[in-house]
Amino acid sequence: MPSYTVTVATGSQWFAGTDDYIYLSLVGSAGCSEKHLLDKPFYNDFERGAVDSYDVTVDEELGDIQLVKIEKRKYWLHDDWYLKYITLKTPCGDYIEFPCYRWITGEGEIVLRDGRAKLACDDQIHILKQHRRKELETRQKQYRWMEWNPGFPLSIDAKCHKDLPRDIQFDSEKGVDFVLNYSKAMENLFINRFMHMFQSSWSDFADFEKIFVKISNTISERVMNHWQEDLMFGYQFLNGCNPVLIQRCKKLPEKLPVTTEMVECSLERQLTLEQEVEQGNIFIVDFDLLDGIDANKTDPCTLQFLAAPICLLYKNLANKIVPIAIQLNQVPGDENPIFLPSDAKYDWLLAKIWVRSSDFHIHQTITHLLRTHLVSEVFGIAMYRHLPAVHPIFKLLVAHVRFTIAINTKAREQLICEYGLFDKANATGGGGHVQMVQRAMQDLTYISLCFPEAIKARGMDSTEDIPYYFYRDDGLLVWEAIKTFTAEVVGIYYKSDQMVVEDQELQDFVKDVYVYGMRGKKTSGFPKSIKTREKLSEYLTVVIFTASAQHAAVNFGQYDWCSWIPNAPPTMRAPPPTAKGVVTIEQIVGTLPDRGRSCWHLGAVWALSQFQENELFLGMYPEEHFIEKPVKEAIARFRKNLDTIVSMIAERNKNKKLPYYYLSPDRIPNSVAI
């Protein structure tokens, strides 16, 4: 009688093993086997991290094995089981791999296909077509769209983390409990004694050092020592944690009535301001999105305020970017003066602090939350709803949506919900952050997620003109490496553009992103369908780059740039100044966050800047969804390209007082998971 050797690999994460009964059935082209209990006498099967082998003898020839069916039945208490893969050795000596990488819960069952990636057009056998269809029907019931707030991209229909499908939950929910993590961060930073001291102001700037952890030679300490300098202020628009707002000024806006006379002492080329604009030396950051946003009113004992500044910057003869004019609100007038470097020291300093605070709000809610977290969740949900596990695009993308839906669900549960942690320290808490996302959705376009196009659109693409824009330089390298990789994978499975057009599962995935993620807005420019291999490669690059590199660039520098509170105040406790010559150091300190809010802010930026335990970085694919040699070779080339980029960035950063490393591939996690 034919005999098969079945090798079963159990996951190595916590609680991956099971004591339940595990049964296996084989489905072949010539028949189906009986159900076989996988059990070795006097042996603890399916322990965490184990790889177990079993001999399975069948009554008759089964032909080519098409499916493997696994059933789990209760032994004592229900425990979930994480099955990595099954390998089958046939009577002829051939090996067939069946990747799984999924949880089997309760008295569940799972049906696996072999690991070769297949498009729907490749499946001619009825049982395989049926398996494909059933998998998507099941998934579409599990992964449902929900509107969390009007105008937001749709998200997963789950009120809390435990409501999610088991396959996308965190291995340990405790590890991503925001309340626990922020409290633990404050404890680790030795600042928990201040965490309840709301309404209690600091004495002066030096007093902030009581909650500032000095770690020798780090960026955060350099920020503390140089934050008041114009060079440091300008540098952050290029290489801080929100390097996406600065753009070349092509025409001075009417709402900022700045003249050459006002800024003459800042201009170094003996040109008028208009001539400097023409030569491309003037840059602008406009925080108009904040205009009219409601400030946080959740604490009746503390008034909180927002501004909507316009900041004009200048490229000096050393090619460094420095601020030359700041107007703190959008409508010019006597009570909205234009602050200048030539003004009194504290007038100019407070104006810059207002800009830094506004930048913090845009960074947290738009650059970080909307444009990486929420967008990546949309891609993830659409992928699970429309691409079966055997589809090559599912195999390519699944590592890049790992834990994204889970972290966002946890954020909606604890962080950005009503009375959530976001309300504790942020001036845009209490609903302002919701208004911001609703507004920013109008500007969320597909082209703005294409990194090279986004850089060009802001007029920031010239390396000669703007030589110190490391975010741009490193981002372009990583973008090209990802695009080369996706183009190779697309080329392996799609031999023509026609195959792309005819892949209905792929087209449904793309359409779901447009209809539900982007709410069907034509102005978003998101494609409703994809017609060429080149466009598919670009689309996949957007998905992977957004989830990995873009998120890394705007997330992991938060402690570096935002831990020194005066450099990134999460709230301001007095309105913007309406006149010059009246600002004092006492007024500035009284405007900055109180002790309690400072501590919650510091705990947040510390926790958000930490990598996950067992983090998987770009190019790391420990789950072998692909088994074919050409794809494995493409992955190896991708890793090699990424290693080259790591070396280039390390070489450039040598001896730099302010190294830029957020886009070094060895520091870019595969997915949005924190």
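Yeah, the Cβs are placed from backbone N, Cα and C, and that goes for glycine too.
Not measured: the values here are computed from a predicted model.
Averaged across the domain 'PLAT' (2-118), pLDDT in this predicted model comes to 95. According to TrEMBL, the domain 'PLAT' annotation covers 2-118.
Per TrEMBL, the feature Ca(2+) 1 binding site maps to Gly17, Asp79, Asp80. Under a cutoff of 8 A between CB atoms, and with a sequence separation of 6+ in the same chain, the neighbours of Asp79 (Ca(2+) 1 binding site) are Phe15, Gly17, Thr18, Asp19, Asp20.
Around Asp39 (Ca(2+) 2 binding site), the same-chain residues at least 6 positions away in sequence with a Cβ under 8 Å from its Cβ are Tyr21, Ile22, Asp45, Tyr54. Under the heading Ca(2+) 2 binding site, TrEMBL lists Asp39.
Annotation comment: TrEMBL describes Trp103 as site 'Essential for stabilizing binding to COTL1'. Taking the Cβ of Trp103 (site 'Essential for stabilizing binding to COTL1') as reference, residues of its chain lying under 8 Å away and at least six apart in sequence are, in sequence order, Asp80, Trp81, Tyr82, Leu83, Arg166, Asp167.
Annotation comment: TrEMBL describes 118-674 as domain 'Lipoxygenase'.
Sequence-distant contacts of His373 (Fe cation binding site), defined by Cβ-Cβ distance under 8 angstroms and a gap of at least six in the same chain, are Thr404, Ile407, Asn408, Ala411, His551, Val672. The Fe cation binding site annotation in TrEMBL covers His368, His373, His551, Ile674.
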For a quick check of packing: other C-beta atoms within 10 Å of the C-beta of His368 (Fe cation binding site), how many?
21
Secondary structure content of the domain 'PLAT' (2-118), with strand meaning DSSP E or B:
0 helix, 60 strand, 57 coil
